[in-house]
Amino acid sequence: MRHIWALPSLTALSLFQASAASAVPRARQAINTSSPLAPFRTKRRFRTQAQLLSNSATKTTLVEEMVTVDTTSRLAALRSLMKERNLHVYVVPSEDSHASEYIADCDARRTFISGFSGSAGTAIVTLDKAALATDGRYFNQASKQLDSNWYLLKTGMQDVPTWQEWATQEAEGGKLIGVDPQLISSAIAEKLDEDIKNAGGGGLVGIKENLVDLVWGSEQPPRPSNSVFLLGQQYAGKDTAAKLADLRKELDKKKAAGFVLSMLDEIAWLFNLRGSDIAYNPVFFSYAIVTQASATLYIDEAKLTDECKTYLERNKVTIKPYGALFEDSEELARRAEADSKDAKPRKYLISSKGSWALKLALGGNKFVDEVRSPVGDAKAVKNDVELNGMRNCHIRDGAALTEFFAWLEDQLVNQKAQLDEVDAADKLEQIRSKHKDFVGLSFDTISSTGANAAVIHYKPEKGACKIIDPNAIYLCDSGAQYLDGTTDTTRTLHFGTPTAKEKKAYTLVLKGNIALDSVVFPKGTSGFAIDVMARQFLWKYGLDYRHGTGHGVGSFLNVHEGPIGIGTRKQYIDVALAAGNVLSIEPGYYEDEAFGIRIENLAIVKEVKTEHSFGDKPYLGFEHVTMVPYARNLIDETLLTPDEKDWLNRANKKILEKTLGYFENDPLTKAWLLRETQPF
């Protein structure tokens, strides 16, 4: 069929998958089956005080948060296209062609077809069913946003199948499953194809035309094409020539022909460029190919300033059109095929997250190896300039958050103001924007009161959010992009008198945060191995939280950065933490329809001195850089040990030393800061 990629036969690759039974939950009842698609509306997105991002497009949203969208007509149109292509199942991933977690509106296909707007999840549509699989961060949100056309697959729960298992079951009897090959990794695609055939299905086919795009039609937002700017050496700390030299050493070690980059943050980091094509993430649509002899950046050249072009030329980087990547990849495959007649060819490397389409264009398994990206590994270990930038921007950001919390308490308690969750988020952004090197937010602020705080990735929308209740928990998870670093901080507060239950929950979460922050571990330890430190106090009471404990953070890059993290994902088992990593430490506790608690700091991994050095290994620990006090009225001191009180006193002393000077002419904030940092 002309719609199907002509694919060579592939050898299936192994892929870790959690085992699960094949039970499928019943479709839940719709909250509002007649809700129409919310109209496109302007949202907060990257802003700049200088002219760095002056050409940034306005971010639009596809659905109002927590509103159910009627997907009946969309599903009918999609199924009609599926029948034309002899497909029984069609998979709609969350990601774009660069495996981005956060995506541009034009790539929000899963949101469009399902109505679910969380950042993680996969939609699977058959000719008579539809399922949405997502993880524990989004169970609450998905249950509110999905209409009655959809099953909710709660990934990781007992007796709930993975989306792959559900799709495979639906393909039994020789049926075909289709997917856009640019939106799925080759590892997942090849394993899924093998599983489908083993279960009696017809297999997985790559459909070149994205069927959701065809349903979306003229209403699909245009692809952003914003300007790109050069990040100076005073912020990057290392020039592109040096980074390319390091990458080429890795290619030589692996005896590779080259590395084809598809991850947007890796490309931005490698070439010391930043953009704004994806809201809150200073990246731009691009690809790159690096060999021992050349480096090519695939990008719309009109996006580059003269300064960027001069810099790239000086670093011997060739510029080619964004759309030429696949054609050039196919040419590389043809050359490799010709060369292989005389000698064993050197393979090209792609990221293990690279798309199925990219691997096929490069010639498949014969000419491609999928690896954990050497650029991603290098990016995750910050240099001294980047680390100092992270320290400095967190002082400024801490001052902004302190000013905001003091203002908010005064407004709610003393002024009796009626402020909704968006009012608060906007005020925080306004305060942040006054600080040096502020560029914009690093993600949409989670400003949540009461029961909304239990929605882990809640996003307030004007006209559909709550008035902040001073007598309920208030959770604020927010971050900013500065030229010298990226921030991500969560604080949970109560502006009235918290209940004993709320205080106990908060204190257990705080104890977990302190324990993980204080841990010392040998080099080679993974984030998986230390995750228990944050959960242990909740576990003693039979409590837990359904999200990871920590994620990597970029340096004026994506707020979620791999490959490192702290949690139970397989990659967190495989990837050891290293000095120079920057991660979040963010345990939490949530009661649906009641309240939510999360306490998040960012921390630098660094070498620490120990009395001994077993196995001649260096030992590592954390230096937390977040400079925001904890909520004193939510702390049950009777649950704290003397060591934990000492930790809090040291932390508060440092916060006071670093931020008090910002408030010499601000008596309200100064008084709030002094009160919240009093010794225990």
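Cβ coordinates come from backbone N, Cα and C, glycine included.
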Q.
Can you find which of Asp488, Asp592, Asp616 Swiss-Prot lists as binding Mn(2+) 2 at the same site as Asp477, Glu600?
A. Asp488
Q: Kindly point out which candidate in Glu502, Glu586, Glu611 is recorded by Swiss-Prot as part of the Mn(2+) 1 site with Asp488, Glu600.
A: Glu586
Q: Return one of helix, strand or coil for Asp477 (Mn(2+) 2 binding site), based on DSSP.
A: strand
Q. Within 10 Å of the Cβ of Asp477 (Mn(2+) 2 binding site), how many other Cβ atoms are there?
A. 24
Q) What is the separation, in Å, between the Cα atoms of Asp477 (Mn(2+) 2 binding site) and Glu586 (Mn(2+) 1 binding site)? A) 10
Q) Which residues of the same chain, at least 6 positions away in sequence, have a Cβ lying under 8 Å from the Cβ of Glu586 (Mn(2+) 1 binding site)? A) Thr490, Asn513, Thr549, Gly550, Arg598, Ile599, Glu600, Asn601
Q: Write out, in the order they occur in the sequence, the residues of the chain not among Asp488, Glu586, Glu600 that have a C-beta within 8 Å of the mean position of the C-beta atoms of the recorded Mn(2+) 1 site.
A: Asp477, Thr489, Thr490, Gly550, Ser584, Ile585, Arg598, Asn601, Leu602
Q: According to DSSP, folded down to helix, strand and coil, what is Asp488 (Mn(2+) 2 binding site)?
A: coil
